[in-house]
Structures are given as C-alpha cells and as structure tokens.
Amino acid sequence: MKLLHIDSSIAGVGSVTRELSAEIVALLKGADKSWNVIYRDLVAEPLSHLTGGYLAALQGAPADQAVQADVGAGLAVMEDFLAADVIVIGAPMYNFGVPSQLKAWIDRLAVPGKTFSYGEHGPVGLCKGKKVIVASARGGIFSAGSPLAALDHQENYLLSFFGFLGIAEISFVRAEGVALGPVVRAKAIAAAKEHAAKLAA
C-alpha cells in the first residue's frame, strides 16, 4: 500500500508537527513493513500559489515555460495524492489556520473530475476509501469546549476539505498548549504520541 507523508511546518528541527508526523509514519511502517512511502516537504520544496495562467493552462490555453512547469508540479502532486491509501499530514496552526504552504498544496487537489464532481444533488467526493491522519500542533488550547474553540480554522478546515473529497476516515493526533511552558509542552507531545500509537495499532 502507498502512504503519502506531507510536512508543512516552517519550524524545522524544533517543529512539533514534524516530530509527530514522523512518529505516525514510523508507527505505521512498524506495524506493516509493506508501506511504500512518498514524502513531500512543502517548505523545502514549496508549491506556488494558484495563478490565472495556471488555471487557463489546465483548460488548454497556451502557456509559457514557467506556467508549464507549474502545471507539471500540480499534476505530480495530484498523482501522489490519488495513488495514496493513507495520507499523513503535519499541519501546525498558524494564525488560527493552516500554513500557506499547505494551502497551496490543498489548492492543487480540489479539481473537478479528479477528486470531486458535481452531481444532480450537489458535489460528490471521489476519494472514498482513503484515510487521512493529521499531526496537529497548537501553541494554545483550541479544542472543542475551550474558550478559544471558535477560532479553530485549522482542524475544522481540514476536516471539511477532506470530507468534501469523500474521505470519511480523518483522524487528528493533536498536541495543544505547546507554547504554554515546557511541562505542558512535554505532556502534550507525550499524549499525542500515545494517541498515534493507538491509531497505528
């Protein structure tokens, strides 16, 4: 089976989401050696944001070399996603949402006829059967029931987007409060890794 591993944190070595996404992938591979892993670091190799030229080229308009290269990058991203059985995404919360690098990747996936279609009764997701696991880190506490829950446009957005594509199995391995001191940070990471181990079992 194929596993797509995505990282989007700009924090590098100190990134909690990178630590957690790597842990999730390691646990999955430990449980099943047959995984074929494709890795994309959206910070080391960022995708450009959508342009009018890119959209026009997808519809058959003439394109210069730069736009053709951009289209090729988008098609490669789409192929990786469509081929994957499981997608593990390192997605920190930045300013209540997701990193712009991750948003650029997501924008390459929302393509009518590829990942969703419009039917008689509205949009229909075409990616049923896939599984998404999100390694989520937040400096504060934003989970349901917290005073800041209404500001969560990170996990809620990802849940909505992948659900729109027809993916029903979406899990979050969450470390919250990682900016609230070393003790809270350590406990949050340990709890997230414990949850990851249960998901991979």
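Every residue gets a Cβ built from N, Cα and C, even glycine.
According to Swiss-Prot, the residue from Ser9, Ser171 that belongs to the FMN site alongside Met93, Tyr94, Asn95, Phe96 is Ser9. The Cβ of Ser9 (FMN binding site) has 25 other Cβ atoms within 10 Å, all protein chains considered. Using a 10 Å Cβ-Cβ cutoff, Tyr94 (FMN binding site) registers 18 neighbours.
Following the DSSP three-state reduction, the secondary structure of Tyr94 (FMN binding site) is strand.
Neighbour density around each Cβ, counted as other Cβ atoms within 10 Å, peaks among the binding-site residues Met93, Asn95, Phe96 at Met93.
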